[in-house]
């Protein structure tokens with residue numbers, strides 16, 4: 001087999017894998033629309049989507065299940081892509097928004113905005129609300145930015161190894177968690193209920209306004225990462241190789257980390273902490289299709305959407321009518337994966 005034929009086969013396998021994920025995402029979305037306390041048939045779902053459904057079915061589809069599905073897709077894409085890019089930029093397979101402390105920094109910023117400025121809270125009925133989603137997003141981004149800046153400064157000034165950067169991320173996570181607990185200590189009962197509930201990654205709280213904001217951040221971020229795909233491939237080959245190919249490595253790392261932080265911040269501000277999606281998805285995709293970022297970025301996005309949607313559907317149905325926060329399930333999945341990767345790294349050493 002000559003080189004052009006090998007390249008066609010190489011590309012064809014990746015495209016087929018992407019198509020399989022698209023089909024899986026579509027079927028999972030239909031299934032998620034049908035299952036729940038209020039079970040629906042496919043015909044009822046289609047009629048509601050076409051505008052011909054009954055009022056009660058329309059309410060369930062458009063106000064409850066569709067927002068949840070779109071939140072899962074957008075959040076899964078955002079976290080998976082952020083994780084894939086961070087693993088490249090930091091040259092560490094353990095890097096992700098969760099393990100680097102970015103999620104906890106965003107959580108601290110969001111809680112600070114909720115308590116100190118009253119941008120969100122809880123009603124006596126238990127319903128969580130957001131008064132100003134834009135300001136909460138800004139504060140969440142600022143919290144994440146603090147963690148990113150500290151880690152990058154330590155890496156630059158002290159020449160941290162990839163392993164030490166993960167430890168720095170763990171330290172920042174602990175610091176932000178302590179800050180969040182301090183804020184909780186001075187909160188009243190309703191504010192405390194809102195903050196504790198916020199720490200659970202839950203897609204059920206998403207509303208259309210927040211989904212539009214998440215999509216408005218995710219789409220241009222994904223476009224930017226695809227635009228920089230060749231630079232990321234060069235970085236995978238090594239620092240000196242990337243520089244010899246004309247890549248401004250410091251600028252690429254800085255902007256990549258900032259965009260990944262913004263993606264994470266928006267998701268945390270509206271949905272809470274959903275851990276390990278950014279760690280699991282890029283690794284599984286890399287095993288299946290390799291490390292070419294031309295394909296790794298979009299297929300990681302699809303895989304993240306599928307994983308989070310299936311996990312959320314499972315969380316809604318496993319002990320129905322009780323709905324588990326999806327962040328609990330992703331942590332159960334991600335923690336063993338994290339330990340496996342950690343042991344694998346130290347075996348190489």
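Glycine too: its Cβ is placed from the backbone N, Cα and C atoms.
From a predicted model like this one, the values you see are computed outputs, not experimental measurements.
Features of the protein shown, as given by Swiss-Prot:
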TRANSMEM  15-35  transmembrane segment
TRANSMEM  69-89  transmembrane segment
TRANSMEM  100-120  transmembrane segment
TRANSMEM  135-155  transmembrane segment
TRANSMEM  166-186  transmembrane segment
TRANSMEM  206-226  transmembrane segment
TRANSMEM  254-274  transmembrane segment
TRANSMEM  295-315  transmembrane segment
TRANSMEM  318-338  transmembrane segment
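The stretch from 69-89, 135-155, 166-186, 318-338 that makes the most Cβ contacts under 8 Å with the transmembrane segment (206-226) is 69-89. The largest share of C-beta pairs under 8 angstroms with the transmembrane segment (100-120) comes from 135-155, of the ranges 15-35, 69-89, 135-155. Sequence-distant residue pairs (6 or more apart) of the transmembrane segment (254-274) and the transmembrane segment (15-35) include fewer than 3 whose Cβ atoms are under 8 Å, leaving the two stretches without contact.
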